[in-house]
Amino acid sequence: MPEKEKSRVGLNDPRLVVRKFLARPQHEGLGAIVRRSIGRFELRYFDPFLVLDEFSVTAPAGFPDHPHRGFETVTYMLQGTVIHEDFDGHKGTIGPGDLQWMTAGRGIVHSEMPASQGTQKGLQLWINLSSKNKMIEPRYQEMSSKDIAEATNDGIKVRVIAGEALGTKSPIYTRTPTMFLDFTLESGARLQQPVPESWNAFVYVLEGEGVFGRSKSTPVTAHYLLLLGSGDGLEAWNKSSKLLRFILVGGEPLREPLVQFGPFVMNTQEEIDQTIDDFENYRNGFEKARHWRSESGLGLDF
């Protein structure tokens, strides 16, 4: 396909916006501010997505020691740096444009705290795992900003966090099949991005204003989540004079029972009860939590 045609892939059935939410600020963790769009009372779950937070953290606020089981967390930094630590000895920093794709699996206790002055901003997405993957061993996929695949064409720039866009693929492995694309459109640019027809998909606007689904739709501004209906892809336009930046995320629905208790996500209430018991008694994946406290967090109990 010629380079100039890569963004003009052609869609037979573009997805339309079926619901729209403004993600309003709320407090989370220890003094952190998040704009939660998925995982709030209007939208508890958008299979396979459990939570989408746009977070803003200024020291000493943060997300001190806390557990997870049964899903993955994707942290994508927009500004500043956070320190990540867990009870298995993993420690590192996530800076501007960096990515951490963490599979909690059978159990992780970790902390995420500011590592620099000023305000740290980013996105965190929680992706559910299928029943066969909920109790796998934890693992990480981490990528610095300079290593994230990028492509540009016809006034469009994309950072390919997961999946494929403009002929460029990400090396990130997604147990629950997922695409995560960070698009920037210059004034006048038009995007046509395929999305598998069987997947659920959404847009979250980070900057500027854009038109999504239909060319005559009302422009949408920052901090809005747009749920997309059925179809084979997304069509978007930047009709403003400023840059438009948004993420497009899609995933294959698991279509399994869901029971969630805070940071634990399983398929049945019995599994949740067992998870709580495992965590409280340091068993079955939580053994190392008994004596571990992070250096940057406060060692809060769940």
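Quick reminder: no glycine exception, Cβ is built from N, Cα and C everywhere.
Unlike curated records, TrEMBL annotations are generated automatically.
As recorded in TrEMBL, the features of this protein are as follows:
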| type | residues | note |
| --- | --- | --- |
| DOMAIN | 34-127 | domain 'Pirin N-terminal' |
| BINDING | His66, His68, His110, Glu112 | Fe cation binding site |
| DOMAIN | 181-285 | domain 'Pirin C-terminal' |
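Within its own chain, His110 (Fe cation binding site) has Asp65, His66, His68, His84, Glu85, Asp86, Phe87, His90, Met102, Ser294 as residues 6 or more apart in sequence whose C-beta sits under 8 angstroms from its own. Neighbour counts of Cβ atoms within 10 Å were compared across the binding-site residues His66, His68; the minimum falls on His66. Within 8 Å of the Cβ centroid of the Fe cation site, not counting the listed residues His66, His68, His110, Glu112, the chain contributes Phe63, Asp65, Pro67, Thr73, Asp86, Ile108, Val109, Ser111, Pro263.
Remark: secondary structure over the domain 'Pirin N-terminal' (34-127) totals 0 helix, 65 strand, 29 coil, with classes taken from DSSP.
For Glu112 (Fe cation binding site), the same-chain residues lying six or more positions away in sequence with a CB closer than 8 A to its CB are Gly62, Phe63, Thr75, Val82, Ile83, His84.
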